[in-house]
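Asks: Handing you a structure now.
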């Protein structure tokens, strides 16, 4: 199986490369030779890669910065993704596209299903939703995976930020009134491989469309931080106090949904995939980062 993976330096792309089996060839695409904001590079890069399937991970992910750079966000998350999906369709290649929980407004009191009405409240969320529309219209042979609160040993993410802050702080204020599903990039990569194999082995329409893919369980940012620091305490013997605060007490340029929990039963029914509990995957990562030094 030959995968072309965009966003070569992102968390999920790096996790895919790290976990690839010998029978899987992963071609990672990224700047400067491949840039979603430059449509002219997209089609030629995909044609040269000659993949069996494309995993679309590249995105403009600076949620707050997008509020002042909407053109740049839409150029990548909508227009670039459309060019990618069109190129794939021209070659008869299926696309797995990663989207986000931020396509929802957060007003629903329970986890969101795939069929629920979207209503993004940030430029980033709107650009990602438009990207979903672009993929669906350009290439019917697609699977869109909405995920959330991604963390890993790679790049910048919440777990690594908390551990960095622990170096110089004994107490931290963390938002407690936003709920979501922390999701390990390693777990996502395993799921993506399974989905790719199924898509290549079957043309069933049931395997196409939108699916929610997130870690089992739920947490607020504060609860997430407290769990990270509970594992940190086990390893180091040092306690970090987390104080719950409201989102209003921690203003940011972009609004975040108060609830972006994702209901993932459709994914399990269709592909037999249910990701591990987020606490299990978080514990494994914190131990790796602190004891094994597997940082990137």
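Placed from the backbone N, Cα and C atoms, the Cβ positions cover glycine too.
OK, Swiss-Prot features for this one:
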type     : residues                                 : note
BINDING  : 10, 11, 12, 35, 36, 59, 60, 61, 124, 128 : NADH binding site
BINDING  : 11, 12, 35, 36, 59, 60, 61, 124, 128     : NADPH binding site
BINDING  : 100, 101, 149                            : dTDP-beta-L-rhamnose binding site
ACT_SITE : 124                                      : active site, proton donor/acceptor
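Burial and contacts for the listed features, if you can.
Replies: In three-state terms derived from DSSP, residue 10 (NADH binding site) belongs to neither a helical nor a strand segment and is classed as coil. Long-range C-beta contacts of residue 10 (NADH binding site), restricted to its own chain and to partners at least six residues apart, with a cutoff below 8 Å, comprise 57, 58, 59, 154, 155.
Counting every protein chain shown, 27 other Cβ atoms lie within 10 Å of the Cβ of residue 36 (NADH binding site).
In the three-state DSSP scheme, residue 149 (dTDP-beta-L-rhamnose binding site) is classed as coil.
Sequence-distant neighbours of residue 124 (NADH binding site) (same chain, six or more apart, CB under 8 Å from its CB) are 60, 61, 62, 63, 66, 73, 77, 100, 102, 254, listed in sequence order.
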Asks: Going by Cα-Cα distance, pick out whichever of the binding-site residues 12, 35, 36 is nearest to residue 149 (dTDP-beta-L-rhamnose binding site).
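Replies: It is 12, whose Cα lies nearest.
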Asks: Could you tell me the maximum Cα-Cα distance in Å between the residues recorded as binding dTDP-beta-L-rhamnose, namely 100, 101, 149, rounded to a whole number?
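Replies: Max Cα-Cα spread across the dTDP-beta-L-rhamnose binders: 9 Å.
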Asks: Where the record says 11, 12, 35, 36, 59, 60, 61, 124, 128 bind NADPH, what is the longest distance in Å from one Cα to another among those residues?
Replies: 19
